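According to TrEMBL, the feature transmembrane segment maps to 15-35, 56-77, 97-116, 123-143, 170-192, 213-234, 240-259. The domain 'DUF6533' annotation in TrEMBL covers 26-69. Annotated region 'Disordered' per TrEMBL: 309-334, in sequence order. According to TrEMBL, the compositional bias 'Polar residues' annotation covers 317-334.
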Amino acid sequence: MMETSQLSEPQYVEIAHNLMAVKLYSLASFVMLFYDIAITFGDEVEYIWKKKFTKFTLLWFLNRYLSPLGFIVITVSFQDPEWIGDSCRRYVFFPEILRIFTSGTIGVIFIIRLFATYSRSQVVMIFMSCLLAAELGIKIWSFTSGQVLQLPPGLVGCILTSGPNSLRFAFTWIAELIFDSIVFGLTMWRTVSRNNIMGGNTRSLVKLIFRDGVIYFAVILTANIITTMTFLLAPPNLKAINASFTVSITPLMVSRLILNLRSVDALNRIPPTQPSSLGIKGDDDIATARFDISQLVFANSTAEHEGQDFEMAPTGLTRNSTTLQKSGKPTQYV
């Protein structure tokens, strides 16, 4: 705890102002996360909870609700004057421990997506699993160098900030950025390659994957860079200002990615005789779009496909389907 006598009045006011900025920004991130859950809950019920319960449903729940539940504790720790001294020191690593679980959940979701997209490639599965383990290991090594933010008497907040080695602490965000960059690169590579193989017939789907992938990566990249720079360059009482936003925006964006792909998959299940909401007309194009979306939309209930957790067979088509043969493109059954 800082001594008030060591601070001039302007210094004390500045620290109080910065602390209030950190608290309000964290609260705004908390509200943003809950607001997004509220406005997308209808889609969540339709595309997640009305489907058969699978392992992916559990991953969805952890990604969707672990961070909001953790944010309740974080908000209390920022405001409660009882969270000082030993109480704060016992708790202070909780936000980063929470991030280990949320990052692990999100990482598993993306590994599953890549595994499905790359036709159940064991190489991709092993490589990405090792990469995720390395990311989580670096995060643990990194955040354990943090310390409690020292505040003068009269100011309240149990906040984790970087210790003397700010660069080490920043690696918790750098590791996440590297993992997300590789996921983005592999997804874009596969999407473009699939479009070339399909002769350009999957243009609408490619636009969807590109749009969602680019938006997700741009948002997470920006958030992680800002957080890294604030921990490296900002004053001690402002270093953690963007951390809450980064913790909340990642599961939010992942939830949006999943719901958007699920909604497109649902639109694509209309009968071939009906006009397509995706702007695809004709039996050949519909069959092609169904084939490609089923390869990229992961974790649908697939009791009809030998109990698989992830949908890898074309939607509504059988192994001997004449409609599939019209597309002239080979598929892979698992």
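Heads up, the Cβ atoms here are built off N, Cα and C, so glycines get one too.
For the domain 'DUF6533' (26-69), DSSP puts the residue distribution at 38 helix, 0 strand, 6 coil. Across the domain 'DUF6533' (26-69), the model assigns an average pLDDT of 94.
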